[in-house]
Structure formats: structure tokens, C-alpha cells
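Visitor: Below is a structure I'd like to ask you about.
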Amino acid sequence: MERALYLGNMSGVQEFILLGLSARQGVRVVVLAVFLPLYLLTLLENALIIFLVCSHTELHKPMYFFLGNLSCLEMCYVSVTMPSLLAGLWTGPYHVPFTACLIQLFLFISLISTKCTLLASMACDRYVAICRPLRYPLLMQPQVCLGLAGTSWLGGLLVSVAKTACIASLSYCGPNVLNHFFCDVSPLLNLSCTHVALTELVDFLSAIVTFCGTLLVALASYSAIGVAVLRMPSATARRKAFSTCASHLVVVGIFYSVALFMYSCPSRVESTDLHKLLSVIYTVVTPACSPVVYCLRNREVHAALRRTLHPQKGSSVRTDISCS
């Protein structure tokens with residue numbers, strides 16, 4: 001990969017110009033006033049989830065272990081794309097060195113691939129919890145959860161190495177203007193002046209394996225969950241089972257619907273305003289909404305948060321319960 005970076009950097013283009021979301025200064029100021037607090041809120045939300053999962057023993061369960069991993073990933077994820085978006089809103093079009101652009105691309109591909117696998121792992125966890133409840137403690141042991149999470153992070157790195165190396169080995173003779181707010185695959189392919197068939201093939205195959213493969217796992221898990229829930233005799237049991245999966249299903253639906261539209265096509269798609277808008281959805285909006293969606297109806301997280309904010313009140317309540 002280092003050799004590919006070197007060869008790519010020896011081409012005519014030594015830097016790229018990111019146009020950002022908008023060229024109109026008035027629009028940029030308004031969007032900046034919205035996205036900067038949203039970025040800080042995303043970091044705060046996910047940091048709070050990580051803190052709660054790590055500090056409360058009642059949250060030391062597979063579901064919250066994966067949720068903590070997802071929150072850590074979301075913090076890294078938005079920190080890769082949001083700074084360049086905010087910089088573009090502050091200064092307008094700005095220059096990014098070739099190497100810095102490829103580093104951002106590498107991190108972005110790695111994290112988005114890891115997110116796909118983590119979402120599939122969370123779907124499998126919910127499948128075992130609902131469809132195999134008696135075997136859940138055995139099947140979802142800590143070693144298994146660590147293996148699934150480690151595989152997700154490692155797999156994301158391997159996919160990113162392959163895709164970034166192919167893109168970095170291309171020649172860029174000019175122009176060097178990216179109609180985007182971060183270094184993404186399609187805009188970079190559009191600027192290449194060499195034959196990109198192999199790179200497009202690698203991009204397409206990785207999209208099939210990463211996006212479609214994990215999506216099929218999630219769909220299979222939730223299909224089995226749906227059948228199991230419908231067979232439950234009690235409406236209360238069905239409602240409780242559905243509530244444990246609804247939040248994850250919403251996040252999966254939003255993320256995959258946008259991501260598949262963006263990355264499953266191997267052709268060199270021009271970056272349009274629609275392309276950038278969809279990128280904003282899965283790089284900004286989804287990471288900000290995911291913690292709220294996951295924890296909005298979760299009583300265990302609410303209880304842990306109340307004990308963190310009001311430790312004396314929480315301890316008094318536990319004392320009253322124990323005395324009674």
C-alpha cells in the first residue's frame with residue numbers, strides 16, 4: 001500500500017480541492033451553525049454511552065457490548081468526515097494534500113466497513129436472544145462477542161487496505177477539484193486519467209461482500225425474529241420482543257438503504273448535490289441519531305443514566321428496595 005501511495009503521489013496532481021457542501025457564503029454560515037453543534041452532540045452522546053456501558057455492571061451484556069463498540073466507531077467515523085465538512089463551511093473550497101486525502105479515504109472505508117459488520121453482529125445477537133433464549137448465555141459468551149467485534153474491526157481494515165491501494169495507484173493528471181466535502185471513492189475515480197476497470201471491480205466486489213453480505217445476515221436474522229415473534233402466544237411478549245429490535249432495525253434500514261445506493265454501483269458516478277446530500281445522511285445524521293434511537297426506549301440505559309446523574313437518589317432507592 002505504501003508503494004501505491006508513492007506511485008499515486010508521483011502523478012500530476014499533488015493536492016485536491018474540496019468544494020464542500022455549498023459555494024454561497026450565506027448558506028455556509030447557516031449550515032455551519034447547525035452542523036458544528038450536531039458534531040459536538042454526536043461526540044457527547046456516544047461518549048456517554050461508552051461511559052455508561054463501561055461503568056455499570058448491569059450493562060455488561062452482549063447487546064450493550066456491541067452498542068459500546070458501535071458508539072466508539074461512530075465517534076471515530078464522524079471525526080474523519082466532519083472536520084473537513086466544517087472546514088469547507090468555514091473557508092469555502094480548500095486544498096487537501098494528496099496523501100492526506102488518501103488517509104481520510106482509508107479511515108472512512110475502514111470505519112464504514114466495520115460498521116456494516118457490527119450491525120450484522122448486533123442482528124445476530126438479537127436473533128439468539130429471541131429465537132434461542134435458553135442457549136443465549138452459552139452462544140453469546142464474552143469470548144464470542146470479543147471475536148465478533150475484533151473480526152469486524154480487522155475486516156474493515158483489510159477491505160480498506162485493498163480499496164485504498166487500488167485508488168492510490170491510479171494516475172491523477174488533472175483537474176483536481178472534488179465536488180464533495182470529503183475524499184470519497186466515486187469523486188476520486190472521476191478524476192483519474194487512467195483505466196480504472198480493476199479498481200472499479202475491487203470496489204464492486206468489496207461492496208458486494210461488505211454491504212450485501214452483512215445486509216443478508218441482518219435480513220435473515222430479522223426474518224427469523226419476525227417469525228418467532230408472530231408465534232408468541234402473548235401480545236405483551238410480542239410487544240416486548242419487538243421493542244428490543246425496533247431501534248436496531250430502524251438504524252439498519254436507514255444506513256443500508258443510503259449506503260447501498262451510494263456504493264453498490266461500480267460505474268463512475270458524477271458527484272451531484274444528491275450524492276452529497278445522501279453522504280450527509282450517513283456521515284452526519286445517522287451517527288447523531290443512532291444513540292438517541294438505541295437508548296430512547298431502553299429502560300436499563302435510562303436507569304443507569306439516572307444513577308449516574310443522581311447517585312445519592314439511586315443508592316437510596318436501592319436501599320429502600322433491599323429493606324423492603
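Every residue, even glycine, has its Cβ placed from backbone N, Cα and C.
So TrEMBL says this about it:
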DOMAIN    45-294  domain 'G-protein coupled receptors family 1 profile'
TRANSMEM  29-54  transmembrane segment
TRANSMEM  66-90  transmembrane segment
TRANSMEM  102-123  transmembrane segment
TRANSMEM  144-172  transmembrane segment
TRANSMEM  204-230  transmembrane segment
TRANSMEM  242-264  transmembrane segment
TRANSMEM  276-296  transmembrane segment
Visitor: Tell me, roughly as an integer, the mean pLDDT over the domain 'G-protein coupled receptors family 1 profile' (45-294).
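Guide: Taking every residue of the domain 'G-protein coupled receptors family 1 profile' (45-294) together, the mean pLDDT is 85.
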Visitor: The transmembrane segment (276-296): which same-chain residues, six or more beyond its ends, come within Cβ distance under 8 Å?
Guide: 21, 35, 38-39, 41-42, 45-46, 48-49, 67, 70-71, 74, 77-78, 81-82, 85, 179-182, 184, 247-248, 250-251, 254-255, 258-259, 261-262, 302
Visitor: Going along the chain, which residues at least six beyond the ends of the transmembrane segment (66-90) come within the CB cut-off of under 8 Å?
Guide: 18-22, 28-29, 31-32, 35-36, 39, 42-43, 45-47, 49-50, 53-54, 96, 104, 107-108, 111-112, 114-115, 118-119, 121-122, 125, 145, 148-149, 152, 181-183, 283-284, 287-288, 290-291, 294
Visitor: Could you give the residue numbers and ranges of same-chain residues that sit at least 6 residues beyond the transmembrane segment (242-264) on either side and whose C-beta is under 8 angstroms from one of its C-beta atoms?
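Guide: Distant contacts of the transmembrane segment (242-264): 63, 112, 115-116, 119, 122-123, 126, 129-130, 185-186, 203-204, 207-208, 211-212, 215, 218, 222, 225, 229, 275, 278-279, 281-282, 286, 289-290, 293-294, 296-298.
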Visitor: Hey, which bits of the same chain come close to the transmembrane segment (102-123), Cβ under 8 Å, at least six residues off its ends?
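Guide: The answer is 5, 8, 63, 66-67, 69-70, 73-74, 76-77, 80-81, 84, 96, 148-149, 151-153, 155-157, 159-161, 163-164, 167-168, 182-185, 188, 206, 210-211, 214-215, 217-218, 221-222, 248, 251-252, 255-256, 259.
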